[in-house]
């Protein structure tokens, strides 16, 4: 998937000026317009291939579907709650974020919230501003020796852990992805959730908002907590059930809460914000000069590197694409698309299971990034719903009635005895298998159904190929075929044959354009098909 034609980017939220400068220095045109309505945003995007947002702009399905040229949405921040990922993926629009940009700022705010909860600093400040001197009212608690439960041990969670350990806190946590060995390396003991609740003096959440994390803290879990537990949410509104939190505060089960995020922002229901034991901020987790600059810089660099084909970072909805930008993998992506296109032309809109098989040490983990490219080749001529690319390929292939499996073989798929890296694409249960490899940076076809080409056939983008199989070696065959090409006004550009396999030979002709029909070829060959990619 190439982004070289991405030329113009709209920045629709406030970002550090370095973002615009980096984009322009990278050769991109930049338009900055903020506070756009949905209709205004759609209008601006009619001439833009890229969009960069922070939190304010809502990139809905309506916006994505109406923006015909849109290729990439960049979120200068961690979450992508304001981008409709399903709609973007279906349309083949890449979504990126800056997962590292605001981690430190969010972690520091969390630590500040924990300290404010322990010593009631905001409440004491408000009291002083009212002219009061209430030393007894604001009795606090030390952090030393207390247990902090951290739910979500990614970048932010681990930064919080190391900082609060310096206050003498014991850190325990839970993360379904991070291994206990990894979390132990930064001082967090992982426990099951049901064991965490009764141990914690403080709980802080650092998970994405998913169906599995919505309402993670609820009436049931609050009931399992220590009486007087304190809760911090600087992650996403909705992870803590706001109704359950209010009830826990009112009953004293929860001694205090610090909230930077809400289910609705700004919150119209003020019951939580107005509670005397709640500290709240208007979503300030990433609101530092450093984070703003870092996020703006990172997303701009990601755009420029992507357009120049250097690298692809921060991908949210097509992680396999990241591998597609490595110098080693790029030509294999081209080969995979070519073999997918060949398979569709050969098998005629195949149904069932397509097998993608890799061989060779350097391709051991490449199946997940090569299979979308195979799908692009299979579907790009057939899909009536959308343009097929590496972003939406896996979604659209299911709707086309195809399953795609990937596997790695220590031995060559098809013809045995070759030690190089190979890629094979086959239709399960049917006599269709194509094998290719990369020579230098050129994808080449090595074999069809066990018939091996020596030398291999170059697969060049834009060069039509005509492939046909014959049973006998008739000296008059080649002049006859050239005559058929001439009758159709098509020139022969190259010609190669396979080694004889089971008494038959495959022939490959590079031709100046695809033939309007292969009917005239059928009396002379066992089978024939043509394609270009």
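Just so it is clear, glycine is given a Cβ too, placed from its N, Cα and C backbone atoms.
Marked as N-acetylalanine by Swiss-Prot on the basis of similarity to another entry: 2.
Per Swiss-Prot, phosphoserine is recorded for 14. Sequence-distant contacts (6 or more apart, same chain, Cβ under 8 Å) of residue 14 (phosphoserine) comprise 34, 54, 56. In the three-state DSSP reading, residue 14 (phosphoserine) counts as coil.
If you look up Swiss-Prot, you'll see 21 marked as SUMO2 cross-link, on the strength of similarity to another entry. Every protein chain considered, the tally of other Cβ atoms within 10 Å of the Cβ of residue 21 (SUMO2 cross-link) stands at 14. Secondary structure at residue 21 (SUMO2 cross-link), taken from DSSP and collapsed to helix, strand or coil, is helix.
Annotated SUMO1 cross-link per Swiss-Prot: 21, in sequence order.
As annotated by Swiss-Prot, N6-acetyllysine applies to 21 (among others), with the evidence given as similarity to another entry.
All protein chains shown were included, and the count of other CB atoms within 10 Å of the CB of residue 58 (N6-acetyllysine) stands at 15. Per Swiss-Prot, N6-acetyllysine is recorded for 58 (among others), and the stated evidence type is similarity to another entry.
Look at Swiss-Prot and you will find 78 tagged as phosphothreonine. Sequence-distant contacts (6 or more apart, same chain, Cβ under 8 Å) of residue 78 (phosphothreonine) comprise 97, 98, 99, 101, 102, 103, 106, 156, 286.
The active site annotation in Swiss-Prot covers 236 (among others), and the record cites similarity to another entry as its basis. All protein chains included, residue 236 (active site) registers 24 other Cβ atoms within 10 Å of its own Cβ.
On its own chain, residue 265 (active site) has 237, 282, 283 as residues at least 6 apart in sequence with a Cβ closer than 8 Å to its own Cβ. DSSP assigns residue 265 (active site) to coil in the three-state reduction, outside any helix or strand. What Swiss-Prot records for 265 (among others) is active site, and it gives similarity to another entry as the kind of evidence.
Look at residue 283 (active site, proton donor): DSSP puts it in coil. Taken from Swiss-Prot, the feature active site, proton donor applies to 283, supported by similarity to another entry.
You'll find the Cα of residue 236 (active site) roughly 16 Å from the Cα of residue 58 (N6-acetyllysine). Distance between Cα atoms for residue 21 (SUMO2 cross-link) and residue 58 (N6-acetyllysine): 24 Å, as a whole number. DSSP assigns residue 58 (N6-acetyllysine) to coil, not to a helix or a strand. Around the Cβ of residue 283 (active site, proton donor), the number of neighbouring Cβ atoms within 10 Å comes to 17.
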